[in-house]
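Worksheet: one structure, shown below.
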């Protein structure tokens, strides 16, 4: 491989773009993966995800082992050293190879004069590893979460916050959704077993299967033919609560990338579905998902606060609002969220959610169902949001999910091994 495509330096650049520039890893990583051989793509992903998962520990180690931080044009070296620490702590890469490749990464980022520094810091860590890790185990950084988020979780879940943090710091399981228009879940599990893999059904969500060991999608029976889709179990709860019926007019708002749109159509193939999202780029993935599954829906770009712009005066039998949120329930799947979110974002998101709810409620027919969902675990976006909505909306009633005092159903990450998710099912009187 060409030296400029040193795997460790690419990982360092990816993490730097997330932490310093506020970019999403899902946007940063794919173009970098194009620069490496197929056999190295998984390791590059592991290094990026792993460093972001354990960032506060790696930052703590750098502060212990270096007298001053790397700044300016040398900042990438700061993250390159983190990549070195991560390999030594969490991967099966032999230590000598981890050191050699990480040090060589300095050449790829045009900082060859810092090879000695990188080597020295990593070797110092190896010598002091046990002492450093014992000290780290009593530090505030041990939770691997920003302090503001730890405080919010402690306040919201006095007895469960550590469980949530531990779940967030795990690698996520791989969940699939069996397309019931092609196979029963048990039937597809048989095909999976024939292919030499094992899966387990979810007790509550009828299409959900957890793979014993994550696998590339091309290895899954019938993936290209639309027999199965990658989707977390908790996300599948949206269509379960929505309970779409054939012939109904259904709005899927904030629909990209289309996993819930296609699930609605698997449950009710004759439903008339409008999928709307504000992000035109992400809508391309809705089209891709519909095409792979051989389904049809109307897809439009639009802002949920202004429905007149994308549906005129149309009303719907059912509305799924998968609201923009902090995504604090899916941190194990997207560890960059911990470092992209800020404490002040929560109030802004709650305000946006309230505006969308108020704007779209008049578009629900009397007797119709609206499912409000987020992949957050924070009450400001979930129970508190629905509680205040019910107080100001006299023709809205809660159904199936919770009580007026504690509205909605909150799934915590790791519960039945799904992501953190919230649902509130509302009926228009």
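If you go along the chain as it appears here, the first residue is 1 and each next one adds 1.
Backbone N, Cα and C atoms are what each Cβ position is placed from, and that goes for glycine too.
Around residue 375 (active site, nucleophile), the same-chain residues at least 6 positions away in sequence with a Cβ under 8 Å from its Cβ are 234, 235, 325, 327, 328, 329, 330, 419, 420, 421, 422. Positions annotated as active site, nucleophile by Swiss-Prot: 375.
Under the heading S-adenosyl-L-methionine binding site, Swiss-Prot lists 254, 255, 256, 257, 258, 259, 260, 277, 303, 322. Using a 10 Å Cβ-Cβ cutoff, residue 254 (S-adenosyl-L-methionine binding site) registers 22 neighbours.
Same-chain residues lying 6 or more positions outside the compositional bias 'Polar residues' (400-412) and placing a CB less than 8 Å from one of its CB atoms are 157, 160, 163-164, 167, 234, 237, 241, 329, 372, 377, 382-383, 386-387, 390, 418-425. What Swiss-Prot lists as compositional bias 'Polar residues' is 400-412.
Swiss-Prot lists 397-419 with the feature region 'Disordered'.
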Residue 260 (S-adenosyl-L-methionine binding site): tally of other CB atoms within 10 A of its CB: 25
Cβ-based isolation winner (fewest other Cβ atoms within 10 Å) among the binding-site residues 256, 258, 303: 303
